[in-house]
Amino acid sequence: MEIVILPDAAAVGAAAAARIAAVVRAKPEAVLGLSTGSSPLGTYEALGELVRRGEVDLSRAAGFALDEYVGLPPESPQSYAATIDTTVTRPLGMDPARVRTPPGSAADLEAACEEYEQAIRGAGGVDVQLLGIGANGHIGFNEPTSSFASRTRIKTLAPRTREDNARFFDGDLDAVPLHCITQGLGTILDARRLLLVAQGEAKADAVARTVEGPLSAMVPGSALQLHPHATVLLDEAAASRLTLSEYYRFTAAHLPPWQRVD
Ligand SMILES: N[C@@H]1[C@@H](O)[C@H](O)[C@@H](COP(=O)(O)O)O[C@@H]1O
């Protein structure tokens, strides 16, 4: 796993955007794994800047979101479909027809989960999956005790996650759905590259357990340890509980030229 500690949240966004842009420059039809929440917003902003400057073109890229609430129609502003549309698809100049979110309002949710898996496979798989992490170590909506072999499925949100996300529902906990559809940890691990971004002290414990703790279903993020091309981009606060941070800094300062990303 590549661990990069950066001075602040803006640097995390810029570094993640540079890595995604490098993937798209090499493969303009790249399939991007998209994430919601606060963590990736800086990445999308930095990527938008690269698009505006003409340094990367995402118009031929495809996107698959990680997760969606069950029961929120796509037009609801809190739905991840709407969130992805307003924070990713439109500002980054992606083709809406090529960007998908799990259909949380499908009549047959289980069939919709299977179709989503098939759509990812049909698109050739995800080239780079952007991830945030929950304070309880979840990735996507794979809450603690999710199987490392799990595929896209319906999950019940953990109380902590609903509390954390109530801020997107005007603080009204009762308005936060109880269920979601999420890509499984096995689905996420199929992506060719994983890029996890985390900022702030509130994520420091989850980050330390993800990167340096034992592989455990109690920490879904620890599944990244099983992936051959996982990068974790952290600001100083999110990195503050890592025990090997000096080693990560040393490694980043001595990267061989062929591993450098601007
Ligand atoms: N389902 C999303 C995750 O994909 C996200 O990574 C995580 C952290 O959210 P935030 O970045 O807002 O802290 O929780 C949310 O509930």
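Heads up, the Cβ atoms here are built off N, Cα and C, so glycines get one too.
What TrEMBL says about this protein:
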DOMAIN    10-225  domain 'Glucosamine/galactosamine-6-phosphate isomerase'
ACT_SITE  Asp67  active site, proton acceptor
ACT_SITE  Asn136  active site, for ring-opening step
ACT_SITE  His138  active site, proton acceptor
ACT_SITE  Glu143  active site, for ring-opening step
SITE      Ser146  site 'Part of the allosteric site'
SITE      Arg153  site 'Part of the allosteric site'
SITE      Lys155  site 'Part of the allosteric site'
SITE      Thr156  site 'Part of the allosteric site'
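Feature annotations (TrEMBL) mapped to structure.
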{"residue": "Asp67", "record": "active site, proton acceptor", "DSSP (3 states)": "strand"}
{"residue": "Asn136", "record": "active site, for ring-opening step", "DSSP (3 states)": "coil"}
{"residue": "Glu143", "record": "active site, for ring-opening step", "DSSP (3 states)": "coil"}
{"residue": "Arg153", "record": "site 'Part of the allosteric site'", "DSSP (3 states)": "strand"}
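The predicted model assigns the domain 'Glucosamine/galactosamine-6-phosphate isomerase' (10-225) a mean pLDDT of 97. Selection of the recorded positions Asn136, Glu143, Ser146, Arg153, Lys155, Thr156 by a Cβ distance under 6 Å from ligand 1 yields an empty set. Ranking the recorded positions His138, Arg153, Lys155 by how many Cβ atoms sit within 10 Å of each one's Cβ puts His138 at the top.
Taking Cα separation as the measure, Asp67 (active site, proton acceptor) is nearest to Arg153 of the recorded positions Asn136, Glu143, Arg153, Thr156. Residue density at Asn136 (active site, for ring-opening step): 19 other Cβ atoms are found within 10 A of its Cβ, drawing on all protein chains shown. Distances between the Cα of Lys155 (site 'Part of the allosteric site') and those of the active-site residues Asn136, His138, Glu143 are shortest for Glu143. Listed in sequence order, the recorded positions from Asn136, Arg153, Thr156 having a Cα within 10 Å of the Cα of Ser146 (site 'Part of the allosteric site') amount to none.
If you compare Cα positions, Arg153 (site 'Part of the allosteric site') sits closest to Glu143 out of the active-site residues Asn136, His138, Glu143.
The most densely surrounded of the recorded sites Ser146, Thr156 is Ser146 (count of other Cβ atoms within 10 A of its Cβ).
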